[in-house]
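What follows is a set of notes on a single structure, which appears directly below.
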Amino acid sequence: MINIFSKNLFIPILNLLANISIILPFAIYFEIYSQNGKGYYYLIPLLLIYCLRGSGVFLGPILKKTNQQLLILSIVFEILGYIISCFYITSPMFLVLGGIFLGIASSWGWPYFLSIRELPYFKIKKNDWIKSGLLLVIILLTFWISYNTKIYCFIFILLSFLYLSVLIPLSHTLNTNKNLISVTVSTSTKLFTQLFLFLLLLSLLFIERYARAIYIESSVIVALLLVSIIIFLVLRHLYKEKINTPYMIPASVRGFIMSFVLFYTPFYSLSYLGQKQIFLIYCLYLLGFEIGSIFFKIIGSYLYYICIFGLLLTLNSFSFLIGIFICSVFLGLQNNRINTIYGKIYMQDSNIFIKKYQFSSIGSFFFQFTYMLMIGFLSIYNNQEILNFFVPANGTKSLKTQENIVHFILIGISLICILKARKEDHKYD
């Protein structure tokens, strides 16, 4: 029975879940946050799941497990995370606990899936993509129902069931197919640095939690800035240690732009798009990403020009959503570009896709803490609460002006990063 199920449904379900695991948990948590009047109770789970999603890829080696074992563990974490999150109606604390599991799992699912997708048994056929597409429609429909009814247990239950349905077939397949390559994730003294980075991320989240609950004083903001600077130095250290890995800078820039689209723009656009329109950003991301993947061979050579055009369009509120869509197309193009280059050296280094997401996480954190530094300095200068930037209900005309200044600066930094990545990319033509 397991073999029949695995051939017909197991691969397309696993393929879809791996593809959406990076964005879907954060999207669900963001909608829960945006629909609740006292949003700051739901902000910590949201930031927690985002930071763990980025840092979790550095935590995998600490467990000293194979890539296949970590993929299984990520599915178990997904199941636990969604089941626990079902109880969020009774207390937001269940979102915190569920967010821990989902954040780590979302950082492991896709990269460790890539480590086995190149193997003969896991080749994805055209029919598998069709089945994945049909299942995606069901998931999006359930998400839409949950969004409109404000009962997110529907989507939590569906996702926990889907992950449970692939757990046994995947475990069975990995245990019975002896031809599968099982490589232990490399370990070194860098693990202490990675653990230190993880603890710093959590400390930053706790500072943000208290910053929202009470009025921010300069001393708290200074502590926030110091933590951000320390994390930046740790990330820089990790970045230098991996300097010999090919295509490192473009992969890091990919994480920077992805954070711009998925972390920053939902908060920035709340003030003029409203809560009901935020769902569009995630739909545009998924659509743009897939279009970029499909048309890579046609427009792949223009990927950096496409990103520059998209970033510039976000400067105007009328073309903001179009800009987000075009940036998402770039992410799909860039993802294919990286996979093409790394796929050629997969047999020499089976952990290359793990490194890809480590670079992406470095870029993501660089964006996040650049943003936190800017709004931290603005909060000190204007003597205001730093997390007003995350809560549109607290917005004023002055705050909107500050948000626009930050937006222009972030676009400028993004353009510099894109030009740097384009220069590096020419080495691999």
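Cβ coordinates are placed from backbone N, Cα and C, and glycine is handled just like the others.
Taken from TrEMBL, the feature transmembrane segment applies to 9-30 (among others).
Annotation source TrEMBL lists transmembrane segment at 42-63 (among others).
What TrEMBL records for 70-90 (among others) is transmembrane segment.
Sequence-distant contacts of the transmembrane segment (96-116) (same chain, six or more residues past either end, CB-CB distance under 8 Å): 14-15, 17-19, 21-22, 24-26, 29, 44-46, 48-57, 59-60, 67-68, 70-71, 73-75, 77-78, 80-85, 88, 122, 174, 180, 183, 339, 350-351, 353-354, 356-357, 361. Annotated transmembrane segment per TrEMBL: 96-116 (among others), in sequence order.
Here the transmembrane segment (151-170) has Cβ contacts under 8 Å with residues 2, 5-6, 9-10, 13-14, 17, 24, 28, 31-32, 71-72, 75-76, 78-79, 82-83, 85-86, 88-89, 135, 138-139, 142-143, 145 of the same chain, all six or more residues outside its ends. Taken from TrEMBL, the feature transmembrane segment applies to 151-170 (among others).
Feature annotation from TrEMBL assigns transmembrane segment to 191-207 (among others).
What TrEMBL lists as transmembrane segment is 213-235 (among others).
The transmembrane segment annotation in TrEMBL covers 247-267 (among others).
The transmembrane segment annotation in TrEMBL covers 279-296 (among others). Within its own chain, the transmembrane segment (279-296) has Cβ neighbours under 8 Å at 20, 23, 27, 31, 147, 261-262, 265-266, 269, 273, 303, 321, 324-337, counting only residues six or more beyond its boundaries.
Among the features that TrEMBL reports, transmembrane segment is placed at 303-331 (among others).
Residues annotated as transmembrane segment in TrEMBL: 365-383 (among others).
Feature annotation from TrEMBL assigns transmembrane segment to 404-421 (among others). Listed as Cβ neighbours of the transmembrane segment (404-421) (distance under 8 Å, sequence separation of 6 or more from its ends, same chain) are residues 249-250, 253, 256-257, 260, 264, 268, 304, 307-308, 311-312, 314-315, 363, 367, 370-371, 374-375, 378, 389.
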